[in-house]
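As given in TrEMBL:
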ACT_SITE  Y143  active site, proton donor/acceptor
ACT_SITE  K173  active site, schiff-base intermediate with substrate
BINDING   T52, V216  pyruvate binding site
Amino acid sequence: MASWKKKLQGLVAATLTPMTENGDINFSVIGQYVDYLVKEQGVKNVFVNGTTGEGLSLSISERRQVAEEWVTQGRNKLDQVVIHVGALSLKESQELAQHAAEIGADGIAVIAPFFFKPWNKDILINFLREVAAAAPTLPFYYYHIPALTGVKIRAEELLDGIQDKIPTFQGLKFSDTDLLDFGQCVDQNHQRQFALLFGVDEQLLSGLVMGATGAVGSTYNYLGKNTNQMLEAFEQKDFSSALNYQFCIQQFINFVVKLGFGVSQTKAIMTLVSGIPMGPPRLPLQKATREFTDSAEAKLKSLGFLFH
């Protein structure tokens, strides 16, 4: 068993992929993006080319270039750069996994294939195992997001005996609201030191109470500092403060969800808060409206999340 560097824990920002107005990737701002996360938000881990990064809307060559840029710019600044390498094609997924290992990424993650879907745990594990084997030196994480993949195989079931099949398996990004499933992932794997990363930002405190070891999410791009305060309060067993932080974050997320909140809107908010242009999303996603951005800005200010 290879010995990994330290366990992936704390906050992990699911990074956006900055684009120019004509839809090309704007690589020139990624260095600035890294500095912003570290200095302004206190976030030192990233999850690249996932849902928030529009990974599945990018070509394979673009995904490779984006991964390279994050690894290069993050060197000596970020603790861990995990690359999402999931794809509908096993071969493409393996190519991306191998590439992540070659460029010095700190781990890879994979979602379940969602067109031809695996219909049971063994089939899903067979797919994941083939991808993991393409990068045998890297920690491997499963990205559980049933609402988007339509693959409803429970994470707790999947984890049962998974290291026998995938020796590099190190943990899970759990993007689902089923706390029974998540709690069982924690409870049944105490000995295994897995990274059990919660992926629903507005419910993170519940995830922490259940034993999450960290969190991956899009709001940590611009609310990382506030969420870190919640983590700190939780660690100090100051639960009423932790709850206040969570409710405050929930107020913002609840507000934007009612307006229609997705990757496009996250790009607009990140541009607003960080001053780094994230640009529009790729079709079929539509650019956030001016009305959305103005409303989100007013809400951020009223909650004390935005000072300029």
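Glycine too: its Cβ is placed from the backbone N, Cα and C atoms.
With respect to their backbone Cα atoms, V216 (pyruvate binding site) and K173 (active site, schiff-base intermediate with substrate) stand 7 Å from each other.
The Cβ of T52 (pyruvate binding site) lies under 8 Å from the Cβ of A14, T15, L16, S218, N221, V263, T266, each on the same chain and at least six residues away in sequence. A straight line from the CA of Y143 (active site, proton donor/acceptor) to the CA of K173 (active site, schiff-base intermediate with substrate) spans 5 Å.
Shown in sequence order, F47, G50, A109, Y141, Y142, Y143, H144, I145, L197, G199, V216 are the residues of the chain, 6+ apart in sequence, with a C-beta less than 8 angstroms from the C-beta of the residue listed as 'active site, schiff-base intermediate with substrate'.
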